[in-house]
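*Asks:* My questions all concern the structure below.
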């Protein structure tokens, strides 16, 4: 075991060293420039406080690339033009101006391995001039006539937005079917002038980048007095061009507006097709707006203006173009001198892109060795001079895209490493002597043994990769073999020292074994081999190496001799079954031996459980048998769970038991109208296995209720009420929808039952009121159940009394005796029990001179005495006593008055029963 750990550690160290070395190689590897960031189109405000413009460019390379810039194809002389500077590849322009700096910019990055050009970027400047200060002449038209008010915008860049002000800011002209502002010309169009239009009009323009605004001088509009313009047919005054070009993905707005009287109506259509569903009509249908245009939106569009006097139309063609986009690009390539280079790049675009190739920033000219066709570059027999940075450029009239790759040409004499090579072969096995020199171009290779050149024969073959193959090796093949490699840059030799050893044999026992889960087993691996060679062992399970540290202590590697190892498997599990391999390896040979371990255990989970048929109390289930784990399945256990069960419950079945050869059975004694999931568990002589995956949820059919309410009782309530109570039936036993209760009752000694329906399944009481009910009348009561399928059983009959009445009699023999100057003890004789049984007594007392009701005090139960405290001496008190219960109070005792001295008191006693 310790030996295996050390081998694993050794391999981990080797991997770590390889990664470290690879990183160091990548850090030191030299390569040509590759762009990380390329310049983008930019718009710079002319009147910005920040007077510097930066065009970005960054490339990585080793050595670090140097940068230069081109404006409109001419290289910028950074030394001669003080306004230009390059910092980390970025071009900084100080005091930028439109006249000197507007144009297309391109970055060039180069080092000793080559040169690449970036895509070009357009630098524009944004500005908005002022309107001419000259006074504008007025416009006079007849009422009903159409008119166009010219905006004549000032110099600007880029686009501007037009609005019009009526009379004074901020009263803006509202656009409708009669008035339209073109965002192409900026003019205000009024199809039919009305008296309300008379006034002063001012054109307002806004820069879309800086939001700067300027106002034109006012243009007065007046009405002529020589009559009203009659009706006339429409004349389209604003329309889109006959040919509209738009980039894929942008929003296209097509304008169409006509003058006319009455005001014309504008309609749109697409010739030989339908207007895209995404299109929107704006400004009273004067603008057709198509967002995110695609190639399929290409076509001829027509706008039509109509009024009762006639109609006119205009047609124009919308053409969508797309910038080139890469489908496939080129990758770095390293070739040997004399090899063929074949690169291909592909791009999409409309119009279809054309291709050109650059090497180190300059165009490649066709030669006898160089061919360029439709994005393909082929160079025959590459030379050292062909090394460098190559770029494929795909372009159409709307733009160009670049991809780049580096071509390296190797040129070196042959080198062997390691050298010499020591090989140990096994008697009777084939031997491969490899010859793999590093060289460019590929060298010529020959083999010799001693002084004699080796020629191919029936037993010795020279393969295409220059490997020497010796078939059925023998002791006579031992010796030194020399491979010689040679090209135009030099030659080198490698010696392969071959030794032939006896073949190794391995035996693994037992070759097949059956064990039960939880038992242990030992596999023994023994080899015979050449004693001069060291043997390393490895154990595999199902062709995968065993990881002794991750197997939870089940596996132990035991080695007592150099040629024998054991594998101990403790407390074996089902997953430990399979093909075990013992791999023995020397420097000359690798051999395997296999043993099969079968593990008997509980069955695996059965297959998918299907509910074939469902009734109110049964479910027919089917399943497929799972693996028996080398012990036949003896029985199946059907289980179910519902929202009312605590986990999975074993079901009764038909037939019972369900034997191991069955794959279908009926679950019985289910509750109607309950959601169930089912699963199946298999058992064999070893034990019970894991359950199947639960079936889909199903609900049993409805049925008449079968469970009656429990703990039926009652009593209390208000006067003339019969109160019945019970425990509600669980939803599990309601058996269907529309569940409720039937309360049946009758006075003792009568024959007919009176029944009342209680529709709420959650109800626990029912109160029936009848003014003729005497207090504490006994009734026979039972409670039944029902649902939409019918009536279920009733509970057993119990006796329930109607509500009692208030006490009927007053207490008698009321007496009062003085305890102290402030206390009196009152006693009385209790009321005889009857339909109005008292629950306690209430004593009321007041001075005879007081007209108010005085004070009251209640007993805690049926006590027959009470001590009154806090009384005044030399006073006459009136005291009353009455019984009470939950229904009310009874009559008071008769009051009487008696006068005493300081320690003698007269009391009137009044009794009330409740």
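Even glycines carry a Cβ here, placed using N, Cα and C.
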*Asks:* I'm validating the feature mapping. Which of 796-828, 829-861 is tagged region 'Disordered' in TrEMBL?
*Replies:* 829-861
*Asks:* Identify the region 'Disordered' range according to TrEMBL, selecting from 690-718, 719-747, 748-776.
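*Replies:* Going through 690-718, 719-747, 748-776 one by one, TrEMBL flags 690-718 as region 'Disordered'.
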*Asks:* Could you put numbers on the helix, strand and coil content of the domain 'Fibronectin type-III' (605-703), residue by residue per DSSP?
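*Replies:* Output for the domain 'Fibronectin type-III' (605-703) reads 0 helix, 43 strand, 56 coil.
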*Asks:* If you average per-residue pLDDT over the domain 'Ig-like' (504-598), what number do you get?
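*Replies:* Residues in the domain 'Ig-like' (504-598) carry a mean pLDDT of 90 in this prediction.
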*Asks:* For the domain 'Ig-like' (414-501), what does DSSP give as the number of helix, strand and coil residues?
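*Replies:* Taking the domain 'Ig-like' (414-501) as a whole: 3 helix, 49 strand, 36 coil.
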*Asks:* Can you count helix, strand and coil residues in the domain 'Fibronectin type-III' (708-805) using DSSP?
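*Replies:* So the counts come to 3 helix, 49 strand, 46 coil.
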*Asks:* Looking only at the region 'Disordered' (829-861), what are its DSSP counts of helix, strand and coil residues?
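*Replies:* Going by DSSP assignments, the region 'Disordered' (829-861) contains 0 helix, 13 strand, 20 coil.
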